Amino acid sequence: MTFYDDIYPFYPLQRTAFIVSGRLLAIILVFLMLAVGLLLILPGIRGRTRVFWMLRIMISLFVGVVIVALNFTNSWAEARMTTNATYKSFSNAVIQAEVGLHVGLYGINVTLRGNPIVQFNETINYNEMFSWHDIAEEEYEQALIKGLPNPILYIVEKFTLSSPCGMIFQYSYSGRFASATLWTAFCCWILANILFFLPDVVYAGYMTMATAAFIFFSMASFSTIMNVPRCVFSIGEDSFVTEYSHSFWLALATGVLCTIIGFFVVMLYFLMPEKVKAAFSLSFDSYEDEDEDKSCPEGYLNSVFLNGELHLPLAHKVTPVSWKEISPYCHQEYFLALR
């Protein structure tokens, strides 16, 4: 048994393992506040329209938060394995740990978790973040100075500019274009929500399908990394390659959802435009005006009251009108005529 259990003491103390991205947490909190604020107005909506508005709010916010959050997640592609590997430089200590590589649009996340988590009197639980613009020789040298475990250093080295694998160019370029198309999809989502409050709902359906199209474009851009020879990560006696992960499939599901919504809105608009407008509460005022015109084809005016006379003459008669024949919109005018 050597000093510090064969682990040299000049390494800095281990940092707390990364748990969740601050940007991702802020995005989720912002959309949750929007959801709560919009749901508070639901009690003021009467009838079955309340359920329809709730579905619109929840689906729209779900699509929006997914599009924004996908830019900052690190699970577009990932790989993990459990292996035996040397722990740190200048040490012969071999640990059993789970090594994971998580790829996002802006960088990678490398994890190392001991199995068991406490070995050699040390908690082995690392979660290191590296951005594309930082993964270069300088950042790699900083990782060496920190004394990060060998499995993490090995994976990060594959993403340096001097690596023969050239993975930094493949992942950074594909991630950059995927992020750009996702932000374009977010702009289309905003326009679609605005157009849903305008008379021509069909354009909102078109923009919803455009949102889905740009989500699919982002997936196609990221998929280009799978069409080139991929570098194999070999740690100990085991190896692994990256595969599609949760964010990629979530983007696919969101794109399909937007496609279905946009297609049905456009199809129903051409089949039954008036009902679609009524469903989205676009032409309530126009329908109300039309009902007023149809319900009140003629009015009843009290000429004596209009001339300023205080008492009605005995010969003055008011034409009797059946109460059922008067529309609710004309009650006020009818009472005025009887004054």
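Any Cβ shown, glycine's included, is placed from N, Cα and C.
Here is what TrEMBL records for this protein:
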type     : residues : note
TRANSMEM : 20-41    : transmembrane segment
TRANSMEM : 53-72    : transmembrane segment
TRANSMEM : 177-198  : transmembrane segment
TRANSMEM : 205-228  : transmembrane segment
TRANSMEM : 248-271  : transmembrane segment
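In this chain, the transmembrane segment (205-228) touches the transmembrane segment (177-198); three or more CB pairs sit within less than 8 A of each other, excluding pairs fewer than 6 residues apart. Note on the transmembrane segment (205-228): residues 63, 67, 70, 76-77, 105, 170-171, 174-175, 177-179, 181-182, 184-185, 188-189, 191-192, 195, 244, 248, 251-252, 254-259, 261-266, 269 of its chain, located 6 or more positions outside it, place their CB under 8 angstroms from a CB of the stretch. Beyond its flanks by at least six residues, the transmembrane segment (20-41) meets 54, 57-58, 61, 64-65, 68-69, 72-74 of its own chain at Cβ-Cβ distances under 8 Å.
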